[in-house]
Amino acid sequence: MNALAATSRNFKQAAKLLGLDSKLEKSLLIPFREIKVECTIPKDDGTLASYVGFRVQHDNARGPMKGGIRYHHEVDPDEVNALAQLMTWKTAVANIPYGGAKGGIGCSPGDLSISELERLTRVFTQKIHDLIGIHTDVPAPDMGTNAQTMAWILDEYSKFHGYSPAVVTGKPVDLGGSLGRDAATGRGVLFATEALLAEHGKGIAGQRFVIQGFGNVGSWAAQLITEAGGKVIAISDVTGAVKNSNGIDIAKLMKHSAENRGIKGFDGGDAVDPASLLTEECDVLIPAALGGVINKDNADAIKAKYIIEAANHPTDPEADEILAKKGVLILPDILANSGGVTVSYFEWVHNIQGFMWDEEKVNRELKTYMTRAFRDTKEMCRSHHCDLRMGAFTLGVNRVARATVLRGWEA
C-alpha cells in the first residue's frame, strides 16, 4: 500500500472514531496548495540541466506550515503529498503551533557537485520564496539535504526579504541553528520509548534492541539507548547488517561506519542478512530507515514485543492488523519521530526572539513535549478504545479539526 493510501486510510479511520462532519473531513484531506516548479541550472561542464521541484502545503489552521525538503531521484508527488499530510497530524500530536508541508527536487544528489547543488537550491528558492516564510511555511532538511542546504535557502531568501533566520530550521549553529537539533529525532525516539516502557513497568536498561537504519536517526538512537543501559544487539544500513547478542559497541561502529561509509565489514559482531534483521529475537524493534518495510509478508515472523516507528510509515496497515493480533505494541511514527520537528520549533522560536537556549534546556524541554504527547495519546486510546496509532491520529486530527472550526471554515 503506498504512503498516500495508508495515511488517508488512517485519517479516515480517525475521522470516523471522532464522528467528524463529512464536509469537514473532505476539507481536511485536500492540501491547501501544491507547487511545482522547473529548476534549470548550468552544470559544471557548461551544459544546462532541468529538474522539477515540488512543495505541498497541506494545512495551516494551527500555524505556519512545516516540513522537510528532500533531494531524491524518486520525489513522487503522491509521497510528498502523504508526508505533508503526515506533518499536519504530527505537529498537532506534539502540540506545536504548526501545520504540515513537504517538498523536494527530483535529482540524485550524489551525482551533483557541491556547487551544482548550491545553484539548484538557490534556483528552487528563487521560484518559491514568495510562497514560504517565517509565518507561512518553514522548510527543514530531509533525505539528501542537510544544514548546508538550509544555509543556502536562508541566504537566497534573505536577498529578497532581508535577514530572516527563522525561514528554515535545521540550520548550522553559526547561522542560528539550535544546539541539540542534530540528535533531536533520535533523542525523541529514546524519550518516547522510555514513556512506553514505563507504562509497562520497564525501563530502557536491560532491554534488547534491534535497529534498522544507521543514518542520523538510527545512529543517535543507538548511541543514546546504549548510554541509557539498553543493549543494541543488531543494526543494519544500506551496506549490510551486523549482530552481536552481547550488545554492539556503538562507539566503535560509529567510527567504522564513518571511515568505511557504512557498517559492512565491522568486526564487532557477525555479519547477517539485512533482510532477516526485522525478524531477529529482541524486545524492541526500531525501524529507522525507509517506509513500508514491515508488511503482510514479514509481520507474522516479527518477534519483538514493541515496535518504535522512527522512520515515516514503516508499517503497512495490513501488517498493523497481524501485529495487533500477536499483541505487539506499535508506537506510531507521528508520535515516535516527532522529536526533530519539536526541536525545529524551538529553533524557530529562538530565531524570532533572538535568544538561544543551551543544549541542556533544549533536551529538557524536548523530554517534556515527548512525554506529554505520549500521555495525551494514551488519553485518546482510553476514550476511543483504540490502539496507539489511532490514539495519536485521533489526537492530531481532533486538534486540527477544532482549530479549523474555531477559525470559521465555512465562511
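Heads up, residue numbers simply count up from 1 along the chain you see.
Each residue, glycine too, has its Cβ placed from N, Cα and C.
Since we're looking at a predicted model, the values are computed, not measured.
The following features are taken from TrEMBL:
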type	residues	note
ACT_SITE	LYS102	active site, proton donor
BINDING	LYS66, LYS90, SER344	substrate binding site
BINDING	THR185, ASN216	NAD(+) binding site
SITE	ASP142	site 'Important for catalysis'
Discussion item. Between the two most separated Cα atoms in LYS66, LYS90, SER344, the residues recorded as binding substrate, what distance in Å do you get?
Written reply: 13
Fill in: Cα distance (Å, whole number) from LYS102 (active site, proton donor) to LYS90 (substrate binding site)
13
Worksheet item: How many whole Å apart are the CA atoms of SER344 (substrate binding site) and LYS102 (active site, proton donor)?
Response: 14
Discussion item. At a 10 A cut-off on CB-CB distances, which of the binding-site residues THR185, SER344 has the highest count?
Written reply: SER344
Discussion item. Can you give me the Cα-Cα distance between the residue listed as 'active site, proton donor' and ASN216 (NAD(+) binding site) in Å, rounded to a whole number?
Written reply: 19
Item to complete: Run through the Cβ atoms and count how many others sit within 10 Å of the one on LYS102 (active site, proton donor).
Response: 31
Discussion item. An 8 Å radius from the center of the LYS66, LYS90, SER344 Cβ atoms defines the neighbourhood of the substrate site; name the other residues of that chain inside it, in order.
Written reply: GLY67, MET87, THR91, ALA94, ILE96, TYR98, GLY100, ALA140, SER338, GLY340, VAL341, THR342, TYR345
Item to complete: Spatially speaking, which of the recorded positions ASP142, THR185, ASN216 is closest to LYS66 (substrate binding site)? Use C-alpha to C-alpha, please.
Response: ASP142
Response to the item:
Counting across all protein chains, other CB atoms within 10 angstroms of the CB of ASP142 (site 'Important for catalysis') number 21
Discussion item. Sequence gap of 6 or more, Cβ distance under 8 Å: name the residues on the same chain that satisfy this around ASN216 (NAD(+) binding site), in order along the sequence.
Written reply: ASP182, THR185, GLY186
